[in-house]
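Below is one structure; the comments refer to it alone.
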Amino acid sequence: MGPVALPTWLQPRYRKNAYLFIYYLIQFCGHSWIFTNMTVRFFSFGKDSMVDTFYAIGLVMQLCQSISLLELLHIYVGIESNHLLPRILQLTERIIVLFMVITSQEEVQEKYVVCVLFIFRNLLDMVRYTYSMLSVIGISYAVLTWFSQTLWMPIYPLCVLAEAFTIYQSLPYFESFGTYSTKLPFDLSFYFPYVLKIYLMMLFVGMYFTYNHLYSERRDILRVFPNKKKM
């Protein structure tokens, strides 16, 4: 008897693609809900909706961002083809700003810049996860491919600027309340605002590195895509 072929649903490649599709779908639904909620609230309540943006969508934003840490595992085990370091930089800046800066300071949560930051982030993620979700099942559209590989070019630097402004606005509150700052037994202390100021400078260094990586990735994808269409 010859070797017995496994059913399609048991084949490793099928299971990997099915898992990635479900993951991308969950992320797409989460970010779409956030973006739609923010849009509807803005047109319904105007600027007043921007003040309590975090209270309305913060929990879902935190959930989506926490789940996105799985992407590091995807790259590490090889089920997602991408470079690990750029993704670490992207996720690190998001985690720090969302959880350590915005979530820890209620006064910062009411700033307009938080609403702007969330709009930029979710717009990028909606398009990115749509493209990834369709790509993993072999569906590709030239317009969507171009859009997903181009939208980040103006939006990503704006995201970083919004993150930097959020950190800058949070500094007086960290200085006043002493959040995360600790007095040590000897003549030294851990003063968190200093850490934020250093990180604020490093943020733009990371942006330069990530931007170059994304641009190289865009160039490679758009170069290969016309050849796929011809085949």
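Even glycines carry a Cβ here, placed using N, Cα and C.
Residues or ranges marked as topological domain 'Cytoplasmic' in Swiss-Prot: 1-19 (among others).
Annotation source Swiss-Prot lists transmembrane segment at 20-40 (among others).
Positions annotated as topological domain 'Lumenal' by Swiss-Prot: 41-56 (among others). For the topological domain 'Lumenal' (41-56), the mean pLDDT of the prediction comes to 91.
Summarising the annotation, Swiss-Prot assigns transmembrane segment to 57-77 (among others). For the transmembrane segment (57-77), the residues of the chain that approach it from at least six positions outside its boundaries are 20, 23, 26-27, 30-31, 33-34, 37-38, 83-84, 87-88, 91, 94-95, 98-99, 102-103, 109, 118, 125, judged by C-beta separation under 8 angstroms.
Beyond the topological domain 'Cytoplasmic' (78-112), the same-chain residues lying 6 or more positions past its ends with a Cβ under 8 Å from any Cβ of the stretch are 16, 19-20, 47, 50-55, 58, 61-62, 65, 68-69, 71-72, 121, 160, 163, 166-167, 169-170, 173-174, 177, 179-180, 196, 199, 203, 206, 209-210, 213-214. Annotated topological domain 'Cytoplasmic' per Swiss-Prot: 78-112 (among others), in sequence order.
Here Swiss-Prot flags 113-133 (among others) as transmembrane segment. If you look at the transmembrane segment (113-133), the same-chain residues 6 or more away from its ends with a CB under 8 A from one of its CBs are 20-21, 24-25, 27-28, 31-32, 34-35, 38, 49-50, 53-54, 57, 61, 64, 94, 97, 102, 144-145, 147-148, 151-152, 155-156, 158-159, 162-163, 165-166, 169.
Here Swiss-Prot flags 136-156 (among others) as transmembrane segment. Distant neighbours of the transmembrane segment (136-156): 17, 20-21, 24, 120, 123-124, 127-128, 130, 207, 210-211, 214-215, 217-218, 221-222, 225, 228-229; these residues of the same chain sit at least 6 beyond its ends, with a Cβ under 8 Å from one of its Cβ atoms.
Annotation note: Tyr156 (active site) sits in a helical segment as assigned by DSSP. The active site annotation in Swiss-Prot covers Tyr156 (among others), and the record cites similarity to another entry as its basis.
Swiss-Prot lists 158-178 (among others) with the feature transmembrane segment, giving sequence analysis as the kind of evidence.
Within 10 Å of the Cβ of Glu163 (active site) there are 25 other Cβ atoms, across all protein chains. As annotated by Swiss-Prot, active site applies to Glu163 (among others).
Per Swiss-Prot, the feature topological domain 'Lumenal' maps to 179-189 (among others); the stated evidence is sequence analysis.
Residues annotated as transmembrane segment in Swiss-Prot: 190-210 (among others).
According to Swiss-Prot, the topological domain 'Cytoplasmic' annotation covers 211-231 (among others).
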Quick one: pull the CA-CA distance for Glu163 (active site) versus Tyr156 (active site), whole Å only. 11
In the same chain, residues at least 6 away from the ends of the transmembrane segment (190-210) whose Cβ sits under 8 Å of its Cβ atoms read 86, 89-90, 92-93, 96, 101, 156-157, 160, 163-164, 167-168, 170-171, 174-175, 178-182, 184
